[in-house]
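Just below is one structure, and these are the notes that go with it.
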Amino acid sequence: MLSRRNPQLNNHGELIHLLSTEGLPRAVLTQILDTASTFLSVNDRDVKKVPLLRGKSVFNLFFENSTRTRTTFEIAAKRLSADVINLDIAKSSAAKGESLLDTIANLSAMHADMFVVRHSESGAPYLIAEHCAPHVHVVNAGDGRHAHPTQGLLDMYTIRHYKKDFTGLRVAIVGDIVHSRVARSDIHALTTLGVPDIRAVGPKTLVPGDLRDMGVRVCHDMAEGIKDADVIIMLRLQNERMSGAMLPSAGEYFKSYGLTADKLALAAPDCIVMHPGPINRGVEIESTVADGAHSVILPQVTFGIAVRMAVMSIIAGNDA
């Protein structure tokens, strides 16, 4: 998806859009994580605001349903003191047949400063970034199967928070990887940050073999895939993106690939368990694990606000 010149960066190598973790230099990833750390304390203040985006208009354009991502983006923008506009797609002109670019052109005429976009079509945020005015910034909140960069970044923040260093880590990503934009964003970021052992775990129908070309170890046996893992990232089954019988049943899937306390015992003693949500208990993870001592699923949500604040504040401060 990336052109020869990375469209996310200006000529000085500064971040002006966030479209994917693919192709982002380690220095940019580290800048985002370091900046997020400075925003964590804002959550604990009586007045949870900083003035960095005061006077800026942020438009949330969610063409797909979302709870955590949309809410945390709205909270993040408001804590940066931005004016936030949530476009109701079902009631907008897009529902009447208006093209994506016409929608963007009209919103740009309202002096938008930033678009946060979730879309079912891979590449939609790239298209918007290519056609919007130079002063307008675009953040990809998930596009098709392609990328979910802020989820990838908050996952990296979570890993760094608990593990301190990426070198030497063993990270297992388990579940429906073939349909997962989160998995792709995580793999690109983990690779750039120097994680030497990345594993993709799941049935053959849900794990693309070409991940091996990215240096990922593909495992179809759960026990092998999570053995001695320092980090386990569980993914839900994306039934809405599946066509045909890719799995025998949810029960059979849980038996083979659901994370239980017994299976977790195969991982490193201080392993952390992550999940981008929404969780399907009893399908990819049992409640004793999701709510247990190894789980950092709820802290991920908290960190997501700080990470999205970091992304928006950084790109808003850089010129195209």
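Every residue gets a Cβ built from N, Cα and C, even glycine.
Model, not experiment: these values are computed from the prediction.
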Residue among R26, R45, R118, R170 sharing the carbamoyl phosphate site, where Swiss-Prot lists R68, T69, H148, Q151, G277, P278 as binders: R118
In three-state DSSP terms, the structure that T69 (carbamoyl phosphate binding site) belongs to: helix
Cβ neighbours within the same chain of R68 (carbamoyl phosphate binding site) - under 8 Å, at least six residues apart: G277, P278, V301, G304
Rounded Cα-Cα span from R181 (L-aspartate binding site) to R118 (carbamoyl phosphate binding site), Å: 12
Other C-beta atoms that fall within 10 angstroms of the C-beta of P278 (carbamoyl phosphate binding site): 10
Nearest of the binding-site residues (T69, H148, Q151) to R181 (L-aspartate binding site) - Cα to Cα: H148
Packing count at Q151 (carbamoyl phosphate binding site) (other Cβ atoms within 10 Å of its Cβ): 26
Maximal Cα-Cα distance (Å) across residues annotated as binding carbamoyl phosphate, namely R68, T69, R118, H148, Q151, G277, P278: 16
